[in-house]
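Participant: Starting off with a structure, shown below.
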C-alpha cells in the first residue's frame, strides 16, 4: 500500500513537473514524460507530451461543420468567401496525398473580413490559432520594408519556410498586406508551391499558404455595383464572375505584390477569393456582433447610430461602407 501510494505520488509529481517545464525546454519535458509513462504504464509518450506542449497533428481531420457554422455566424456579406474557403479547406484536408500545397489569395477592400477569416481558419487548423508554433504571419511593411533588400528577404523567407515545414508538414503561412509587398519577394516561395514531391528533401504538399491583399478591391466593387444597378442580388454573384478578372488584374497591378509573378503564371494559386464591399445592413451586423463579443445587450439605437457614422460610396448611391467594418470597435467605444 505504501509503495502504491508512493508510486501515485511520484506520478503526480512528475506530471506537475512536466506542466511546469513545458514552456521551457522540450528535452526536459521529454525526460519527465518518459519517467511518468514508465510509472503509469498506460499513457503513451505522445499523448502525454501533447497534453502539455503543442504538437503538430498532421493527420487531424478538419471539423468542417464547426468551420461552416463559425463562418456563417461571424462573417457578414461574404457568401463567396464562405463557400470557397470551406470547400477548399475541406477538400484539401480530406486528401491524404495532395499534389501541391493549398494556396489561397484573398482580395478586397479593408474591413471586409480578410484578416478575420485568416484568424478563423488558423484556429480550425491549429488549436492555438495565430499563437500556434505552426501558424506564421508575415506583414509586408514589418518583415519586408526595404526595397533594396529584396534578395535578403527572399533568402530569409525560403529558410524560414523550409525550417518550419520540416518541423510540421501542415504549417500555415499567412502573408498580410500583399499589396504593399515589393514585387519579386513572393516569387522566392514558388518552388514550395509547385507540383514537386520534394524540394531538397522536404515535402511542402500539406502546407497551406494564404495571401491577404487590398489589390483588386476596385475590380470587385465595380462588378458588385454592376449587379446592384442591374437590380440583381449580391448573392447572385458567382466566383466565375470575379476570379478571372481578379487574377489578371492582380498580375498586371504593380502594387499587388503579385505583379508579373510566377505564382500566377504557373497557376500555383488555387483560388482568388473576392471579398465584396459591405453594405449598411452588414455594418449593423458587425456592430451587433461586437456588442455580443463584449457581453453587452443589443441596443438597436446604438447600432443605428454607429452605422450612421460610417461613410459610404459611391457619392450618388452611398451603397458600400468605405472602411467596411474596420472602425466599428473604436466607434462603439464612444457609445
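Keep in mind that glycine also has a Cβ here, set from the backbone N, Cα and C atoms.
Relevant sequence annotations retrieved from TrEMBL are reproduced here:
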type: SIGNAL; residues: 1-23; note: signal peptide
type: BINDING; residues: 108, 109, 110, 111, 112, 113, 114, 115; note: ATP binding site
type: DOMAIN; residues: 278-334; note: domain 'Torsin-1A C-terminal'
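Mind running through what each feature is packed against?
Facilitator: Of all Cβ atoms in the shown protein chains, 18 besides its own fall within 10 Å of the Cβ of residue 115 (ATP binding site).
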Participant: So if I measure Cβ to Cβ from residue 113 (ATP binding site) and keep only same-chain residues at least 6 apart in sequence, which ones fall under 8 Å?
Facilitator: 75, 76, 78, 81, 275, 324, 325
Participant: Counting every protein chain present, what is the number of Cβ atoms, excluding its own, within 10 Å of the Cβ of residue 114 (ATP binding site)?
Facilitator: 24
Participant: Can you name the residues of this chain that are 6 or more positions from residue 110 (ATP binding site) yet have a C-beta less than 8 Å from its C-beta?
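Facilitator: Expected: 214, 323, 324, 326.
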Participant: Counting only residues 6+ away in sequence within the same chain, which have a CB under 8 Å from the CB of residue 109 (ATP binding site)?
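Facilitator: Once residues fewer than 6 apart are set aside, residue 109 (ATP binding site) is near 214, 217, 220, 221, 275, 277, 322, 324.
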Participant: These are the binding-site residues: 108, 111. Which one scores highest on other Cβ atoms within 10 Å?
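Facilitator: Ranked by Cβ atoms within 10 Å, first place goes to 108.
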